[in-house]
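So the structure is just underneath, and the comments pick up after that.
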Amino acid sequence: MARPGSGLLVPMSGLGYPPQNLARVVVWEWLNEHGRWRPYSAAVCHHIENVLKGDARGSVVLGQVDAQLSPYIIDLQSMHQFRQDTGTMRPVQRNFYEPSSAPGKGVVWEWENDNGSWTPYDMEICVTIQNAYEKQHPWLDLTSLGFCYLIDFNSMSQTNRQSQRKRRLRRRMDLAYPLIMGSIPKSQSWPVGASSGQPCSCQQCILVNSTRAASNAILASQRRKLYGGTAGNPGATGTLTVVRQSNTFAGTSLWSPTSGSSSTNNNNISVGGGQANAEQVQSPLSSANFPCSPVMPSLSSAHGHHALTINGQNNLNRPGTQRISVGTARGAIPPGVPALPVKNLTGSGPVHPALAGMTGILMCAAGLPVCLTRAPKPILHPPPINKSDMKPVPGINGMRRKTKKKHLRRGKNPEDVVRRYTEKIKVVPDEDCTICMERLVMSSGYEGVLQHRGIKPELVGKLGKCGHMYHLLCLVAMYNNGNKDGSLQCPTCKTIYGEKTGTQPPGKMEYHVIPHCLPGYPDSKTIRIVYDIPAGIQTNEHPNPGKKFSARGFPRHCYLPDNDRGRKVLKLLIMAWDRRLIFTIGTSSTTGESDTVVWNEIHHKTEFGSNLTGHGYPDPNYLENVLTELSAQGVGEDNLKD
C-alpha cells in the first residue's frame with residue numbers, strides 16, 4: 001500500500017535530547033573501526049544498567065546475557081569495552097533517547113547483508129527511520145547523515161544512490177531499552193563509592209584489583225619525580241606545576257584541574273570533574289595529539305584557542321560530547337608520554353594481552369598519560385610471487401588434488417561393517433553398554449527401534465583393537481548415525497577401525513613451495529597450501545539436506561615450513577583431504593553463521609609473517625600438535641608409505 005505524504009530529507013541539525021528532569025531511554029553503544037557508534041542489544045543494555053546500579057565503578061561481563069559476547073567486558077570506570085583474549089579495547093558510551101523513540105518502543109530497523117542475515121542500523125539512523133515511518137513518509141534520504149542511501153518504505157528496501165544496489169530492510173519488535181527517571185548530573189562524574197558485598201575471587205577481578213594497586217603505585221612515583229623536576233623551574237611552560245596521587249579507586253573523583261591560560265595560541269587540557277582546589281595543567285599539544293582519555297574527548301573552540309576537556313566518566317552523561325570523528329583523536333604520540341601497545345603482544349610474550357589491555361584501561365582511568373597505540377596488522381600473505389617461482393614440493397607428486405562428487409564413498413551394509421571389526425563373546429560381563437547405557441547382560445536399548453537380520457538385541461561384541469564391548473545392535477545404530485563410510489570409531493577410547501572419512505564438500509587443494517621463509521624457520525623455504533571450496537547444496541550426509549551452504553573466506557592460504565617435518569605433515573594433510581576430513585559444514589565459531597564451511601578440528605596456520613592471531617609462526621609446537629590432531633582423525637604416520 002502506498003504511503004501518503006512527501007519524502008523526507010534528514011536535517012543536518014541532528015537529534016535533540018530531552019530536558020534533564022524527564023524520563024529517557026538508555027542505549028549503550030561501542031565505537032567500531034569505522035568510527036560508528038554501534039548499539040548493544042536491549043537485553044545487554046538492561047544488564048549493563050543493572051550492574052551500574054550496584055557498582056558504578058565495576059566491570060560488566062557481557063557473556064552473562066549474550067553468549068556471543070562472552071570474551072568481552074565493559075570497564076565502567078574508563079568507559080571501554082575490553083576483549084579478554086586479545087586485549088583489544090574500544091570506547092563505549094551511554095546514550096539517551098526519547099521514550100517515544102524507536103528504542104523506547106522496542107522497534108529495531110535492520111538491513112539484509114551479503115550473508116542473508118540481518119544487521120541493525122546505528123541507533124540514530126534507526127530513530128530517524130522510525131520517525132519518518134510513523135509520519136507515513138514514502139521515502140527517506142540518509143545523505144545528510146553520511147550515508148548515500150535512499151529508504152523506500154513502500155518496497156521496504158534500501159538503495160545505494162551511487163551503485164543503485166538494493167537491499168531489503170525490515171522493521172521488527174524487540175525488547176524495549178531501559179528507561180530511567182530523574183536528572184543526570186552535568187558537572188560531576190559517576191558515583192564511585194565503595195561497592196557492596198564481598199570482593200569476587202575470580203581471575204578477572206584479581207587481575208583488576210592488582211592492576212589498580214599498581215596504577216596507584218605508579219602515580220606516587222610519578223608525583224615524586226615531577227616534584228623534583230619542577231622545583232628548580234616552577235614557572236616553566238608546558239610543565240605540570242602540581243600533581244597529586246589519584247584517589248579514583250578510593251572513592252573520589254579524578255584529577256580536577258582547570259584551564260588557566262590566556263594565550264590565544266595555547267591549547268588547554270583540563271582533566272577531571274571540576275572540583276575545587278584545582279591544579280593547573282598547560283600543554284603545547286593539540287587535541288589530536290592526546291588520544292589517551294578514557295572516553296572520546298569533546299572539542300570546543302573559542303577566541304582562537306582550543307580546549308580539550310577530559311572529564312572521565314562525566315562525559316558518559318553527555319552523549320553529544322562524544323560524537324566526533326575518529327580521525328580527531330588520531331595523531332602523533334606526545335613527547336614523554338609512554339606508549340602502551342595493548343594488542344601488540346603475541347602468545348609467546350612474557351605478558352598476556354589481557355594484562356596489557358587492563359593495565360591500559362586502569363592507568364588511563366587513573367589519569368596517567370598513556371597512549372593506546374594501534375595494534376599492528378597481521379601479515380597474512382607473503383610478498384607477490386611469480387608463477388615461475390612456485391615449485392613442486394620435494395617428494396610429493398603433483399601440485400593439486402580435487403574432490404568431486406564421484407569420489408564420494410557410498411554407504412556399506414551396517415551389519416557387515418560391525419561384524420568385520422568385532423568378535424562375539426560367550427561370557428558377557430555385568431557392566432554397562434556405554435552406547436545405550438543398559439547392562440550388557442540385558443537386551444540392547446535399541447530393541448524394537450532397529451530390526452536387523454542376524455543381529456539379536458542380546459548379542460554382545462568386543463572391538464578387536466581396544467577390547468571395549470557393546471551390544472552389536474548398538475554399534476549398528478551408531479554406524480547408521482554416522483557417515484556410513486565403512487569405518488567405526490570406538491565411543492570410549494576413539495580408536496578408529498577402517499578408514500574414516502568426513503563430509504567435506506567438493507573442492508580443490510593446491511600446494512607448492514615459495515621462495516620465502518617463515519618466522520622461526522630462517523633456513524627453510526615455505527610450503528603454501530591453497531584450499532578452495534565453492535558454495536553449494538547440502539546432501540544427505542550434511543546437517544540440512546537440500547539447503548544451500550555458504551563458503552566464506554575461500555581460497556584459504558595455509559603455510560608449513562619446507563623441511564622434513566613439514567613435508568610429512570603435508571602428506572598427511574593430502575591424505576586427510578582425500579578422505580574429506582579437512583572441512584565440514586556446520587556453524588562458524590567466529591561469526592555464528594550456520595550452514596557454512598568450517599574447519600574440522602585440524603588446525604592450520606593461516607598467518608604467514610606474524611602470529612598476532614595465534615594462527616601463525618613462530619610456534620615450535622605446531623607441527624607436533626597437528627600430527628596429533630591428524631592421528632585422532634585416523635590419519636597417522638603409520639599410514640605413510642616408505
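Backbone N, Cα and C define each Cβ position, glycine as well.
Note that this is a predicted model, so its numbers are computed, not measured.
Annotated domain 'WWE' per TrEMBL: 14-94, 95-171, in sequence order. What TrEMBL lists as region 'Disordered' is 382-413. The compositional bias 'Basic residues' annotation in TrEMBL covers 399-411. What TrEMBL records for 433-494 is domain 'RING-type'.
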Item to check | Segment confidence, the domain 'RING-type' (433-494), expressed as mean pLDDT | outcome: 86
Item to check | Secondary structure composition of the domain 'RING-type' (433-494) [DSSP: H/G/I, E/B, coil] | outcome: 9 helix, 14 strand, 39 coil
Item to check | Three-state composition of the domain 'WWE' (95-171), taking helix and strand from DSSP | outcome: 19 helix, 29 strand, 29 coil
Item to check | Secondary structure content of the domain 'WWE' (14-94), with strand meaning DSSP E or B | outcome: 19 helix, 28 strand, 34 coil
